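As structure tokens, the structure follows; a few thoughts come after it.
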Amino acid sequence: SLQRNMRELKSWLPRNPMKLDKEALPDLEETDCYTAPFSRARIHHFTINNKDSFFSNSTRSRIVHHVLQRTKYEDGKSKMGENAGSHKSRHPIKTHGAQNHRHLLYERWARWGMWYKYQPLDLIRRYFGEKIGLYFAWLGWYTGMLIPAALVGLFVFLYGLFTMDSSQVSKEICEANETIMCPMCERNCTLQKLNESCIYAKVTHLFDNGGTLFSTATVFLEFWKRRRAVLTYDWDLIDWEDEEEELRPQFEAKYSQVERVNPITGKPEPFQPFPDKLSRLMVSVSGIFFMISLVLTAVFAVVVYRLVAMEQFASFKWYFIKKYWQFATSGTGVCINFMIIMSLNVVYEKVAYLLTDLEHPRTESEWENSFALKMFLFQFVNLNSSIFYIAFFLGRFAGRPGKYNKLFNRWRLEECHPSGCLIDLCLQMGVIMVLKQMWNNFMELGYPLLQNWWSRRKMKRRGQSLENKISLPQWEKDWNLQPMNLHGLMDEYLEMVLQFGFTTIFVAAFPLAPLLALLNNIIEIRLDAYKFVTQWRRPMPARATDIGIWYGILEGIGVLAVITNAFVIAITSDYIPRFVYAYKYGPCTDQGYRQEKCLKGYVNSSLSVFDLSELGMGYSGYCRYRDYRAPPWSSTPYEFTLQFWHVLAARLAFIIVFEHLVFGIKSFIAYLIPDMPKDLCDRMRREKYLVQEMMYEAELEHLQRERKKNGKQYHHEWP
């Protein structure tokens with residue numbers, strides 16, 4: 001009896017709460033058969049139980065779209081398709097009813113209560129097409145791969161939080177009430193004690209505490225290739241080639257007078273001469289470099305603002321701002337930088353669109369790849385240029401007391417506070433990442449909601465009541481929804497790829513980035529689902545075998561992440577200086593780097609001495625500044641000490657060893673993980689063999705039926 005009750009309990013409990021119930025998704029099981037390109041000449045080879053449902057709804061929509069694009073309305077090859085202006089819009093209608101796919105998608109995918117469930121990818125593919133289905137498959141896979149990275153990053157942060165008070169470096173800074181620091185600006189900054197940087201030191205320890213976060217970019221990309229292979233097989237995309245893609249109507253219209261024979265199809269088609277293509281490409285590249293230079297100019301303007309604001313906040317009348325003028329400078333600087341980023345993004349999109357149209361790409365995928373690459377370059381530089389400045393340039397060229405470097409001989413370059421510049425980098429990344437994700441989520445859902453609300457308001461003004469709206473045909477109801485943007489899925493991919501860069505390129509400096517990305521993506525999946533199902537017109541279904549150019553961009557980001565993390569650990573953080581001190585100069589030199597007490601005296605060794613009388617401002621005595629220089633009473637005052645060269649050599653050695661080690665691990669992982677599961681390879685080979693056998697048997701049976709039908713028997717002939 002007890003065993004029976006346990007069996008009943010197990011049967012009642014779901015085995016995996018994230019899986020969708022099969023009973024809730026009816027009519028998704030497809031007939032287990034083999035696929036091939038359809039041809040009327042071989043119609044007898046296909047299993048057609050119902051001619052009305054043999055082609056899926058998405059396939060029928062693509063056929064109609066093809067006809068509309070290439071129907072000629074006048075004589076001439078350029079007079080075809082939508083150029084006639086005979087219609088304002090075309091889109092597949094959204095099906096209506098309680099048991100249709102759209103209703104199931106809303107109930108089992110787009111509702112917020114389903115946030116923890118797996119996505120119904122087969123249903124998404126059937127309703128929206130393979131291209132959109134592949135996007136959501138990639139987004140879900142990427143979100144799942146963020147979970148281990150988020151857990152490790154959270155552990156690193158919590159480790160820093162729990163060891164913050166016991167950190168030897170933080171304790172030395174917080175207890176240094178007699179150490180006088182040199183002024184950090186020219187006019188309004190005063191002498192400060194080192195312990196006034198106690199909060200900076202503790203916050204820095206949260207992220208610079210010796211914990212490391214290994215980049216999972218390679219693992220993610222390698223396993224995605226396996227997942228993609230399974231999806232393309234299940235969705236009958238293995239034999240679908242890009243060569244099947246047709247020319248863009250704009251390309252055909254532009255180069256209809258120049259033709260050449262396609263070496264694959266053997267048919268004449270429009271051709272773009274090489275000189276024309278090269279000249280257009282050069283103009284496009286020039287435009288890209290101009291826009292990138294505009295980004296760098298904007299970053300330089302923010303740097304100038306920080307230099308000016310630094311002196312103003314240091315003499316501010318409010319005590320709180322005056323005391324934490326560095327936080328005020330960094331905080332206002334990052335907010336201004338964020339506003340510049342979002343403003344320039346609007347300009348970049350229009351410029352990228354014009355440059356891509358100027359190139360006249362041959363196919364739609366070539367247009368999308370070219371446009372996507374431009375937008376990625378623009379927005380990547382726009383988003384990360386200020387972060388690269390803070391990580392690798394801030395405080396590196398400020399000079400020393402008595403010999404500071406100045407911008408335009410007016411403003412002294414900004415330098416890092418005694419605990420380093422890592423806190424500025426974390427602040428820059430955290431603010432930009434959070435604000436950008438909030439803005440993107442609003443624009444993805446809030447903006448379409450406002451547009452649809454305004455459309456309903458205009459309908460009421462025209463006197464259309466709710467009853468009239470209900471009686472409207474489905475296509476007219478869809479007309480009141482917002483169209484999918486002209487770039488298709490480009491904006492969706494771009495947002496996630498830029499986020500992927502944030503979670504990998506500077507993850508050593510900001511280990512909470514994967515956690516923030518994970519929380520955002522859980523919301524992002526349902527936002528996109530709700531938007532596609534309820535707020536947008538149904539987009540034209542399209543086929544695709546992969547995520548296009550974005551995979552190559554992700555691989556490039558993975559390589560860049562290894563390099564930047566090596567430099568962040570070696571140069572931006574204090575990991576290497578602490579390591580050198582513990583092994584070479586600390587009290588545990590002969591015992592090894594084992595305990596926190598080995599860093600005793602580290603802060604004092606990292607600060608150099610300067611004679612205040614050399615400033616000529618009425619000061620006397622000595623102050624300290626962050627550097628490895630000889631004291632003023634030595635035979636070589638203010639020259640770099642031997643410890644400086646030891647630290648520099650260790651930093652360079654770490655960069656070389658780290659990069660070679662991680663690249664070696666990346667290559668080894670890529671070698672270990674095959675691009676396609678073994679069982680899938682066996683199934684594909686088995687299918688190829690069976691298809692050949694079935695084609696032979698079907699052709700043989702067809703010939704036998706034809707001969708019987710004609711009443712002819714040839715006993716001496718085969719078969």
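Every residue gets a Cβ built from N, Cα and C, even glycine.
What TrEMBL records for 3-121 is domain 'Anoctamin dimerisation'.
Taken from TrEMBL, the feature domain 'Anoctamin transmembrane' covers 124-687.
Here the transmembrane segment (135-162) has long-range neighbours at 118-119, 121, 124, 205-209, 211-214, 216, 219-220, 223-224, 227-228, 231, 489, 492-493, 496, 500, 503, 507, 511-515, 517-518, 521-522, 524-525, 528-529, 547, meaning same-chain residues at least 6 beyond its ends whose C-beta is under 8 angstroms from one of its own. As annotated by TrEMBL, transmembrane segment applies to 135-162 (among others).
Per TrEMBL, transmembrane segment is recorded for 281-304 (among others). Nonlocal intrachain contacts for the transmembrane segment (281-304), taken as residues 6+ away from its ends with a CB within less than 8 angstroms of a stretch CB, comprise 333, 336-337, 340, 344, 347-348, 351, 355-356, 358-359, 374, 377-378, 381-382, 385-386, 389, 407, 411, 414.
Sequence-distant neighbours of the transmembrane segment (324-348) (same chain, 6+ residues past either end, Cβ-Cβ under 8 Å): 184, 199-200, 291, 294-295, 298-299, 301-302, 305-306, 309-310, 313-314, 316, 374-375, 378-379, 382-383, 386, 414, 417, 424, 427-428, 431-432, 435-436, 439. Annotation comment: TrEMBL describes 324-348 (among others) as transmembrane segment.
Feature annotation from TrEMBL assigns transmembrane segment to 376-399 (among others). Within the chain carrying the transmembrane segment (376-399), a Cβ under 8 angstroms from the stretch's Cβ atoms is held by residues 288, 291-292, 295-296, 298-299, 302-303, 334, 337, 341, 344-345, 348, 351-352, 405, 412-416, 421, 424-425, 428-429, 432, 436, 494, 497-498, 501, 505-506, 509, 553, 564, 567-568, 571-572, all 6 or more beyond its ends.
Packing against the transmembrane segment (420-439) from elsewhere in the chain are residues 200, 203-204, 207-208, 327, 330-331, 334-335, 337-338, 341-342, 383, 386-387, 390-391, 394-395, 499, 502, 506, 509-510, 512-513, 516-517, 520, 568, 572-574, 626: each is 6 or more residues past its ends and has a CB under 8 Å from a CB in it. For 420-439 (among others), the entry in TrEMBL reads transmembrane segment.
The transmembrane segment annotation in TrEMBL covers 496-519 (among others). Residues 139, 142-143, 146-147, 149-150, 152-154, 156-157, 207-208, 211-213, 215, 217, 376, 379-380, 383-384, 387, 391, 422, 425-426, 429-430, 433-434, 437, 550, 553-554, 557-558, 560-561, 564-565, 568-569, 572-573 of the same chain, all 6+ positions outside the transmembrane segment (496-519), place their C-beta atoms under 8 angstroms from a C-beta of that stretch.
Among the features that TrEMBL reports, transmembrane segment is placed at 547-571 (among others). Long-range contacts of the transmembrane segment (547-571) within its own chain (CB-CB distance under 8 A, at least 6 residues past either end) are made by residues 134-135, 138, 212, 215, 217-218, 221, 228, 365, 368-369, 372-373, 376, 391-392, 425, 493, 497, 500-501, 504-509, 651-652, 654-655, 658-659, 662-663, 666.
TrEMBL lists 648-673 (among others) with the feature transmembrane segment.
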